[in-house]
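Have a look at the structure below, then the notes.
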Amino acid sequence: MSLPSSRAARVPGPSGSLCALLALLLLLTPPGPLASAGPVSAVLTELRCTCLRVTLRVNPKTIGKLQVFPAGPQCSKVEVVASLKNGKQVCLDPEAPFLKKVIQKILDSGNKKN
């Protein structure tokens, strides 16, 4: 049994004017957070852990700056990144006894200045 072509079922869907209105609204909507997020590469690097492997020991005299990144949704572990005076960056084990001593020395020297 076949239906005549004039009586074929019509598939319900949005009308042409509704589609045009939605397209116009989409074009007029500012991108919002995407515009202020910065380069795509910066966004992508924040979605994973920074440290893939850690260095067990570094001479404390070669450390120029220490950065501590707390655990969060992007990485489940605390990460410590040391910027060395020669320009290299290395990841350190936050549980290493030598690192705890280095951090304590930094905190103590900061307290002496105050």
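Placed from the backbone N, Cα and C atoms, the Cβ positions cover glycine too.
Since the structure is predicted, the reported quantities are computational estimates derived from the model, not experimental observations.
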Second cysteine of the disulfide that Swiss-Prot assigns to C75, among C49, C51: C49
Candidate in C19, C91 joined to C51 through a disulfide, as Swiss-Prot lists it: C91
Assigned conformation of C91 (disulfide bond) - DSSP reduced to three states: strand
Other CB atoms within 10 A, centred on C75 (disulfide bond): 16
Assigned element (helix, strand, coil) containing C49 (disulfide bond), judged by DSSP: coil
C49 (disulfide bond) to C91 (disulfide bond) - Cα separation in whole Å: 11
